[in-house]
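S.K.: Here you go, one structure.
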Amino acid sequence: MPNSSHATPPSDAGRGPSSIAARAMGGLRPTAASYLDGLNEEQRRAVEATEGPVLVLAGAGTGKTRVLTTRIAHLISTGRARPFDILSVTFTNKAAREMKHRIGTLVGPAGEGMPWLGTFHAIGTKILRRHAELVGLKSDFTILGTDDQLRLMKQVLKDQNIDEKRWPARALGHVIDGWKNRGLGPDQIPAGEAQAFAFGKGGDLYTAYQARLVTLNAVDFGDLLLLCLKLWRENPEVLTIYQDKFRYILVDEYQDTNVAQYLWLRLLGQTRKNIACVGDDDQSIYGWRGAEVDNILRFEHDFPGAVVVRLERNYRSTGHILAAASGLIAKNQGRLGKTLRTEDELGEPVTVSGAWDSEEEARLLAESIESLQAKQHPLSEIAVLVRISAQMREIEDRFVQLGLPYRVIGGPRFYERAEIRDALAYLRATKNPSDDLAFERIVNTPKRGLGDATLQQLHLYARAEQVPLLHAARKLCETDELKPRVRSTLRALTESFSRWARLVESNPHSEVAQTILEESGYTEMWQKEKSADAAGRLENLKEFVRSMEEFPDMGAFLEHVSLVMEASEAEGADRVSLMTLHAAKGLEFDTVFLPGWEDGLFPNQRALDESGRAGLEEERRLAHVGLTRARKRAKLSFAVNRRIHGLWSSTIPSRFIDELPETAVDVIEAPAHFSAGASRFDRNPQPFGSSYGTPGWQRAQANTGQGNGGSGNFGKGAAHTTARGFGASPGGGRGGPRQIEGELIAKSTGAPSAFETGMRVLHTKFGPGDVAAVDGNKLTVDFDKAGRKMVLDSFLQPA
DNA sequence: GGTACGCGGATTTTT
DNA sequence: TCCGCGTACC
């Protein structure tokens, strides 16, 4: 299986430009398209193999997007297809945007349009709106965000009298998402799995949830794909329309497709079979949310006769970086196997350095960045990639102290912010009076005295009368079932909605939105709020209203916002980028810092616990993604002590560090104060973490007296230096020196600290402060400016 | 109905 | 440690 890369351009019989006639005409065509210039041999093969199934295995930095866009340009300019004949799917809006842009520059106005280039979800939406009634919806259905989804789940759980503590709505959401990811409708769940949730109620809950969605005329993200499958299966004539329509299908990031997406593609592609998937099994890092690496591993089986092209020539990274990344990923089994090559120079080796704790790691990292900055290295070409968001705090703290400009990439999306969701809910409820979820969301936001009790009453009435909540509210106001005060508030609100609905008919929608936000008291709510981020939220609201102007009407705007709206990043400023490894996929930087390479953190313990070997391999792919983001410099680090959920735990270097090829790596010896010559290959845990009972401590205990036992990871890979201990404090007052492997751990710097509690000191970075506690050579100091920090005495001098 | 405190849980994240 | 949720109280 791994060696079918002998792809030749298909000389298909019959139609198409490779037909005899077409070939005869070949020379008459305007000279070979300039867009093909500069493609290497494999890339060109991937572009020109237009007919039949094609799998392009594109390693990191091998020109994947270029192949995709050139392929489209090729299809269009050779007359094989018109822009609207091509279905081209991506996962993110960003990728879709970039492709549109690049096609535009390749083929000019001819490529404009591309109505079927977009995310799976956007295209699914487009299709569903056209045939909504066939799946029991109206064509103006709403698309629910995760927060609405969650509230709906809660309602369903309540209806079925399920203890939400025992069976949280989030968990149910996860289970249902899982089913949807696998293309399973409520009636298709394997019997065994339906039992899994809440004593066998899983299936019923799913059914109830879907029923609620239908009554709300709403769908969740999963439905955008799942309902397409349902639509096509139940209405073959509709499927045929799309099979005919899409002469060519292109798929980006194929390794990230889930089962539902795979089925979606297979249905569409099974007649014409002109389906080209581009992906990299080594960059599959979304297994935890349903991506099936199997889809890519199985491609040749699913599409017999598929042409497979491997792109292995890397144009991004230097030799050492590529060697490190390749060496690491080679430890994975179950991959199709590619070997990245570069013609670039070896460049700087990947550096590996250790730190005493995560604070020191952040400090060293920031120092490195500052020294690069001093050498005129632009900050925008530096990225710090972490495994989990929680790592960011300490790093940010450090950057803030130093005044180092940085930006966090990722994080909450613009349209997921509370204020945007609220504003959106007002608009949704105005536009669509039966959007109960929207109404419910803002009925008491801002606080107007319509709490749970009133809402319960509304629900009861609405259910009895089979009408939407807003309608029920109007009716209830006409009765005397409500307390006078509640009644008048509620009446005012319902009247506002009627008024707003009339406004929408005849006024510019952004103005109406502005009016709604003001009259409802929503803007005022934030103006009154004094918290730090209130101003930012008001800013976001402004931006929200402003962005509406770009759309013809409110409906179009709502559609856009529910699927694609993103924060408008202030570009341009020279800043360091800070993000998770996941968020870094698809990006590249000259210099990449990879902190936190410690077992438990990375590879992440939870991934290991939950998915075992597969989990480990996915973590390794994540490491591979991280390394391959770097063009010229990759800098790994780890700390031997890290604060996890507020407790200090001792940690051991990541097993991935030992898996790197030594020739590509340069070990930065720990600073003298840190260790008496410890190597970074020293994976013996340090037994003086300050909290006993942590995993690190447990492992340390297990290790003592077991020779080189380790946690089962010894003995392979690079040579290990025998533990000489990481020096530093012998545990302070918590137990004195400890023995490991017959050696006494020396105090780090030998001499006990010259500082005492209460002394006034001066720190090289933090400035003046008072010593609050002494623990060997580690001192706790209350700095005048920086607050309480743990520092090493070597950075201090008496003040 | 609104607020103040205490408890438990805590990856990665797009659409 | 920090955040969100639920409960207890005003």
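Yeah, the Cβs are placed from backbone N, Cα and C, and that goes for glycine too.
What TrEMBL records for this protein is below:
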type     : residues                                                               : note
BINDING  : A:Ala58, A:Gly59, A:Ala60, A:Gly61, A:Thr62, A:Gly63, A:Lys64, A:Thr65 : ATP binding site
COMPBIAS : A:716-727                                                              : compositional bias 'Low complexity'
DOMAIN   : A:37-318                                                               : domain 'UvrD-like helicase ATP-binding'
DOMAIN   : A:319-586                                                              : domain 'UvrD-like helicase C-terminal'
REGION   : A:1-21                                                                 : region 'Disordered'
REGION   : A:716-740                                                              : region 'Disordered'
S.K.: If one looks at the chain holding A:Ala60 (ATP binding site), which residues at least 6 apart in sequence have a CB under 8 angstroms from its CB?
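M.R.: Counting only residues 6 or more apart in sequence, the Cβ neighbours of A:Ala60 (ATP binding site) under 8 Å are A:Asp280, A:Asp282, A:Gln283, A:Asn314, A:Arg316, A:Ser317, A:Ala325, A:Leu340, A:His624, A:Val625, A:Thr628.
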S.K.: Using a 10 Å radius around each Cβ and counting other Cβ atoms from all shown chains, which of the binding-site residues A:Gly59, A:Gly61, A:Gly63 yields the largest count?
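M.R.: The residue with the most neighbouring Cβ atoms within 10 Å is A:Gly59.
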S.K.: In the same chain, outside A:Ala58, A:Gly59, A:Ala60, A:Gly61, A:Thr62, A:Gly63, A:Lys64, A:Thr65, whose C-beta lies within 8 angstroms of the Cβ mean position for the ATP site?
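M.R.: Not counting the recorded site residues, we get A:Val67, A:Asp280, A:Leu311, A:Asn314, A:Tyr315, A:Arg316.
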S.K.: Counting across all protein chains present, how many other Cβ atoms fall within 10 Å of the Cβ of A:Lys64 (ATP binding site)?
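M.R.: A count of 23.
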S.K.: Reduce the DSSP letter at A:Thr65 (ATP binding site) to three states and note it down.
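M.R.: It is helical.
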S.K.: Given a 10 Å Cβ-Cβ cut-off, pick out the one of the binding-site residues A:Thr62, A:Thr65 that has the most other Cβ atoms nearby.
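M.R.: The largest 10 Å Cβ neighbour count belongs to A:Thr62.
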S.K.: Specify the count of other C-beta atoms within 10 Å of the C-beta of A:Ala58 (ATP binding site).
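M.R.: A:Ala58 (ATP binding site) is surrounded by 29 other Cβ atoms within 10 Å.
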S.K.: Across the domain 'UvrD-like helicase C-terminal' (A:319-586), what does the pLDDT come to on average, as a whole number?
M.R.: 88
